[in-house]
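I'd like to ask some things about the structure below.
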Amino acid sequence: MDTTTRAKIPSLHHQTEINWDNLDKTKLYVVGAGMFSGVTVLLYPVSVIKTRMQVATGEAMRRDALATFRNILKVDGVPGLYRGFGTVITGAIPARIIFLTALETTKAASLKLVEPFKLSEPARAAFANGLGGLLASLCSQAVFVPIDVVSQKLMVQGYSGHVRYKGGVDVVQKIIKADGIRGLYRGFGLSVMTYSPSSAVWWASYGSSQRIIWSALDHWNDKESSPSQLKIVGVQATGGIIAGAVTSFVTTPIDTVKTRLQVNQNKPKAMEVVRKLIAEDGWKGFYRGLGPRFFSSSAWGTSMIVCYEYLKRLCAKVEEV
């Protein structure tokens, strides 16, 4: 009898639907921290440009994304595109650990919850992924919001009349001195209203679109064959682009209000920010920075999901026969 242990050839389901219980968590967190940090280095300048556009006043309001980019390089050079980066990269690691743990455990529980309802695969995926994204965002906001507040103040320092700082620690000290710890959570309500629905919409769009694409390619019901890695990456990347487009259109208005609220030294109320935006630029003012936000959401989302799905395959515990 041949008692040699062999690894199974993974089917589509085994490569795209890896259960949380079948992952090597230590490897996932360690390798993932390095991988996501690399993606952040590449895409961080887009966040700086988006933030500058959202808080612009006067003549700066007329600049598009390219003009804003050129202005940053002219005034501050390449370092200007990475203002606040140290704060973001330091806080992002624990925040992502919280996010990914909450996301995957919620997705697994949600899929079991909807089994009796006999929903279609895209509907099941939309529900499980959307609920997972929503709860993951809620759990991680306690870390993300202070990072957001500090990094955004560094991004816009000296721009359109905003205060200059010596670094992230200086920002934190001045915020606590002026407003206490709650100052670090300025805009927390709007952040929850922005990022939690945004996360829910993104993950729901991604989960359902991925299944629709696989079904269109006649792969989803094939439990045995295994598509090429290139095809898997292509489908996941396409799902990320679709999710980014849907999410950026739905959530840009509230993101613009949140950003202005967090960086404004005069501590306005949310409705004051809304009225001022309408007075300055009409309703289209709520979509300032839509281009960079769409690019950032699509590029970040696509890069993140391709890396994350690859990471899950890398960290999956090998099934044996």
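Glycine residues also receive a Cβ, built from the backbone N, Cα and C atoms like all the rest.
Feature table excerpt (TrEMBL):
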type	residues	note
REPEAT	25-109	repeat 'Solcar'
REPEAT	124-212	repeat 'Solcar'
REPEAT	231-314	repeat 'Solcar'
TRANSMEM	28-46	transmembrane segment
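Describe the structural context of each listed feature in the structure shown, including burial, neighbouring residues and relevant distances.
The average per-residue pLDDT of the prediction over the repeat 'Solcar' (25-109) is 86, rounded to a whole number.
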Mind checking which residues of the chain, 6+ beyond the ends of the transmembrane segment (28-46), have their Cβ under 8 Å from one of its Cβ atoms?
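Tertiary neighbours of the transmembrane segment (28-46) are 69, 81-82, 85, 88-89, 92-93, 96-97, 100, 292, 295-296, 299-300, 303-304, 307-308, 311-312, 314-315.
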